Amino acid sequence: MKQGNVSESTEFHLMGLSDNQELQPVLFGVFLSIYLITMFGNLLIILATVFDSKLHTPMYFFISNLSFIDICFTTTTIPKMLVNIQAQVNSISYTGCLTQICFVLAFAGLENGILVMMAYDRFVAICHPLRYTVIMNPKICGVMVLLSFLISILDALLHTLMALRLSFCTKVEIPHFFCELAHILKLACSNILINNILVYLVTSLLGVLPLSGIIYSYTRIISSVLKIPSAAGKYKVFSICASHLVVVILFYGTGFGVYLSSAGTHSSRKSAIASVMYTVVTPMMNPFIYSLRNKDMVSAFKKLISRITTSL
């Protein structure tokens, strides 16, 4: 194939999850439903934490930020996929593809940072309860979120700028429903050694290290919980941490699984299907995980719904 530098007018082709035309209406309906559920569920959590004073705590501050990130994360990928299915086209501009890569990396990094903060919040609350209000004050929580935002943006911009130096073949077909960095690197015709080194380096620093911090936090939490004499006390603490642990397993498990599978398998389409878990399913599941067994959140939902119905 002829090799050449792509320009801003060059189009990439998103091949989606299936080539079967009969499946396209089904995929459209499924992903539209998932997107609406994700938007509604996460928006409900944000509004509940804003309007209910009982939820003005560090834990719910981080949960509301996570909900906002999930809304942005899914909005970066699903609407473009739905438009392509509806219009029966699969093209995305070079600029649009790089922009999508940048936003996906930024919001994935932010979600990673928020999950680490939530683990630290639980660690301080359980292992250092007397110092909790001092350590986890609103100013420190705000600074942590801001720092995570800056690191994620810098990481996303770095990868995107490095992708600008790549050259591609005249027709680039991405076996995915959105532009993912791993697939773009595979399709590049130029040398990607520096890009791969950067990916592995950043994954180690911003993936493995935060996950190690979460594991350490929960190791200390479990150690403290085992010292609680009553079974009821142990159950209460574990129930508080269970929802966060489920989200951590979903996000990191599927995220690392996708990149390991993309590195070790020749089927890029299977990798694309697997990536649906961390980019689409996890943001949709988060509102259910954090609210179904949370009495404070359920009570806040009831108050919010009551306020909305009375104002109509």
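Glycine residues also receive a Cβ, built from the backbone N, Cα and C atoms like all the rest.
Long-range Cβ contacts of the transmembrane segment (26-47) within its own chain (Cβ-Cβ under 8 Å, at least 6 residues beyond either end) map to 16-18, 63-64, 67-68, 70-71, 74, 78-79, 81-82, 85-86, 280-281, 283-284, 286-288, 290-291, 297, 301, 304. Per TrEMBL, transmembrane segment is recorded for 26-47 (among others).
Mean pLDDT for the domain 'G-protein coupled receptors family 1 profile' (41-290) in this predicted model: 87. What TrEMBL lists as domain 'G-protein coupled receptors family 1 profile' is 41-290.
Taken from TrEMBL, the feature transmembrane segment covers 59-78 (among others). Remote same-chain partners of the transmembrane segment (59-78), defined as residues 6 or more beyond its termini with a Cβ less than 8 Å from a stretch Cβ, comprise 31, 34-35, 38-39, 41-43, 45-46, 49-50, 100, 103-104, 107-108, 110-111, 114-115, 117-118, 121-122, 125, 138, 141, 145, 177-178, 247, 279-280, 282-284, 286-287, 290, 296-297.
Residues annotated as transmembrane segment in TrEMBL: 98-120 (among others).
The transmembrane segment annotation in TrEMBL covers 140-158 (among others). Remote same-chain partners of the transmembrane segment (140-158), defined as residues 6 or more beyond its termini with a Cβ less than 8 Å from a stretch Cβ, comprise 58, 61-62, 65, 101-103, 105-110, 112-114, 116-117, 198, 202, 206.
Annotated transmembrane segment per TrEMBL: 197-216 (among others), in sequence order.
With a cut-off of 8 Å between Cβ atoms, the residues of this chain six or more beyond the transmembrane segment (237-260) that come close are 66, 108, 111-112, 115, 118-119, 122, 126, 182, 203, 207, 211, 214, 218, 221, 225, 228, 271, 274-275, 277-278, 281-282, 285-286, 289-290, 293-294. The feature transmembrane segment is assigned by TrEMBL to 237-260 (among others).
Residues or ranges marked as transmembrane segment by TrEMBL: 272-292 (among others). If one looks beyond the transmembrane segment (272-292) by at least 6 residues along the same chain, the residues whose Cβ comes under 8 Å of a Cβ in the stretch are 17, 31, 34, 37-38, 41-42, 44-45, 63, 66-67, 70-71, 73-74, 77-78, 104, 108, 175-178, 180, 183, 243, 246-247, 250-251, 254-255, 257-258, 261, 298, 301.
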